[in-house]
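S.K.: Before I ask anything, let me first share the structure, which is written out below as structure tokens.
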Amino acid sequence: MRTRAVLGGVFSSAAILIGAWSLSGAPKAVHVAAAATTTGTTTPGSGTASSGTSGSAGSGSTGGASPAPSSTASAGKASGTYTGSVVSTQYGNVQVQVTLSQGKITDVTALQLTDREGRSVQISNYAAPILRQEVLTAQSASVDTVSGATYTSEGYLTSLQAALDQAG
Amino acid sequence: MNTGIAERGWSLPEAASAPSEDYRSALRRRLFAADLAVVLCWASTAGAVALYLLSGGVSQIHSKADAVTALGIIAGLAGTNLILIMLLLAARIPWLDRAVGQDVAIGWHRRLGKPVLYLILAHAALLTLGYAATDGLDVVGETAAFLSNRDMILAYLALALLLAVVVTSLVAVRRKFPYEAWHLIHLLSYAAVLLALPHELSYGGVLAAGTVERIYWIALYLLAYGAAAWYRFAKPLLLSLRHDFRVVSVERLAPDVISIHLRGRELGRLGIAGGQYATWRFWSARNWWHSHPLSFSAMPHGDLLRITVRGAGSGTAGLAGLRRGTRVWFEGPYGLFSRHARSAPNLALVGAGIGVTPLRALLEDSRHSGGETALLVRASDESQLYLWEELHTLCEWHGGTAFADVGPRSRATSSWLSADAVRRGVSLQSVFPRILHSDLYICGPGPWAELVAQEAKALGLEDHQIHLERFDS
Ligand SMILES: Cc1cc2nc3c(=O)[nH]c(=O)nc-3n(C[C@H](O)[C@H](O)[C@H](O)COP(=O)(O)OP(=O)(O)OC[C@H]3O[C@@H](n4cnc5c(N)ncnc54)[C@H](O)[C@@H]3O)c2cc1C
């Protein structure tokens, strides 16, 4: 009878695993660019400048969830807070908010970061500060992606570029 | 009011009218439940891995590092699933006790210990390697990165506790600890599994909201911890309060053997079967901190119950000084060493020394089934023939015989019989002519009991005909 139990156990487990494997599909390479499609557009209120949040470089990330309206700035050099588009990657959505002062990037705040798996949360938390620093130094979205955090980097920089485009 | 306890404690069973029972369907049901339990252990572990595969785990593999990481995740999922199964196996679930018996369930629990540790160690090692490769760090750097996270610190702590629990349970190491110390360390495994939980929530995406995995894992955790909390802790406490056992008297049978008579309420509701045991805790200054598994040495009579104890160590020796009125808590009744395990018409009982206690209650609880009953008691000298009068009387009542094999064991051969009996050519077959159509109940020290079981198997008895109760765990 013990043999019946062990055979039953082995066969049922094998069936479950084989079934799950075939349903899950073999590993397939997904191209990063293909995965990072721009979905949602700008959130209401974003892009308009406000006096409240302008300036103060490095003032940290406050009020990440609801972007504050920004006040007008002088023509040419934009000032204020701009929210980028939501970029969806296979590990979750990425969205950043940029603060400009007279056309200068003074802060980047991540509103959403890849969070689909605990693993990508860790990657995000590791990559975001590096990207922010690089962007502040380069004053543009054309910086290198962080190795090991390609998805997060691509999404981050894409969203940032969208925000900068709004600022004009 | 303790007059007549001794007499009442071993009054003969009422002549049962039950005709020869059909054991077969009960046996089939029991074996089915036992096999189902094994299949469920395997299948649920496979299921835990399958849920990960289905959630797209493998489709995210793009590099060697990803593959190592995925393997590490799978090891962790399988290991955690098996740990929760181990908790369930040790949770004293009545269904499992009736299907395979508490001792067999604990045997499975033990066998899983090392594989589980290896899986969890592999989980830690593979994920460190996989993450390190992905992040372009070395193992030390990655470990340092892990340790900057609170959830991961707890997870490392859980791993250390798990190591301590498994290592102290290795046979060679376990002997070095008093039972109570080992048991206390062992209970830390409940903490270890919980300490690992935060990192499963934050790092492992398995519990991400809205997934089937989340439902599966929450259900399994609730089942394991709920069963342990209820059957191991709450239920015994409630039963102890309900039945409110008190010591009535302590009766000395031999220099190192006593019978403890207990009085309690509503004993009928306990559903004790002869041959079962309970784990007892006596609330006296000297004894409250240790508990011992002890068999019922008689069926309950009215509100009275009896256990018979040999002073095996400092714990049991201290019971001789118990005072009348001492409060007694218990966990049980447990065990499949009873009529519930019957599978054949005849009854063959073999006991050594104090191992006769469950046989004594089993005889009392067995009905005339048309089959034969015989008992053989092994003792190294006459003074070790405990409860002999009662055993003899009960066997006669069953129309059977009680044999005593008294004398030192054989030095030349390893036999469960005395040297004298070996010389005379005594064997299981000669004592129990119908052994092949019997249920054989064996109770005594582990190695001795194994020798009896081996001889029975050599004669051709099926596993389900052989019932073992080992007093030394
Ligand atoms: C199912 C079962 C039924 C038993 N029935 C009886 C009986 O009817 N009469 C009788 O005299 N003895 C019985 N025993 C044996 C008895 O439980 C031990 O002799 C007793 O627990 C020894 O404790 P100690 O502190 O005196 O000795 P120690 O020297 O501390 O221990 C001796 C041995 O008993 C084991 N042990 C100690 N405490 C426990 C515990 N709480 N649980 C499990 N193992 C323990 C130890 O691991 C060691 O192997 C039974 C044992 C089992 C498992």
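Cβ atoms here come from the backbone N, Cα and C positions, even for glycine.
Caution: TrEMBL annotation is automatic and unverified by curators.
Quantities reported herein were computed from a predicted structural model and do not represent experimental measurements.
Sharing the record's features from TrEMBL:
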type	residues	note
DOMAIN	B:240-340	domain 'FAD-binding FR-type'
TRANSMEM	B:31-55	transmembrane segment
TRANSMEM	B:67-95	transmembrane segment
TRANSMEM	B:116-133	transmembrane segment
TRANSMEM	B:153-173	transmembrane segment
TRANSMEM	B:185-209	transmembrane segment
TRANSMEM	B:215-233	transmembrane segment
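Help me understand the surroundings of these features in the structure.
M.R.: Broken down by DSSP into helix, strand and coil, the domain 'FAD-binding FR-type' (B:240-340) contains 18 helix, 45 strand, 38 coil.
Distant neighbours of the transmembrane segment (B:67-95): 33, 41, 44-45, 47-49, 52, 57-58, 60-61, 102, 105-106, 108-109, 112-113, 115-116, 119-120, 122-127, 129-131, 133-134, 162, 189-190, 193, 196, 200, 204, 206, 220-221, 223-225, 227-228, 231-232, 331, 334; these residues of the same chain sit at least 6 beyond its ends, with a Cβ under 8 Å from one of its Cβ atoms.
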S.K.: Taking the domain 'FAD-binding FR-type' (B:240-340) alone, what is its mean pLDDT?
M.R.: 95
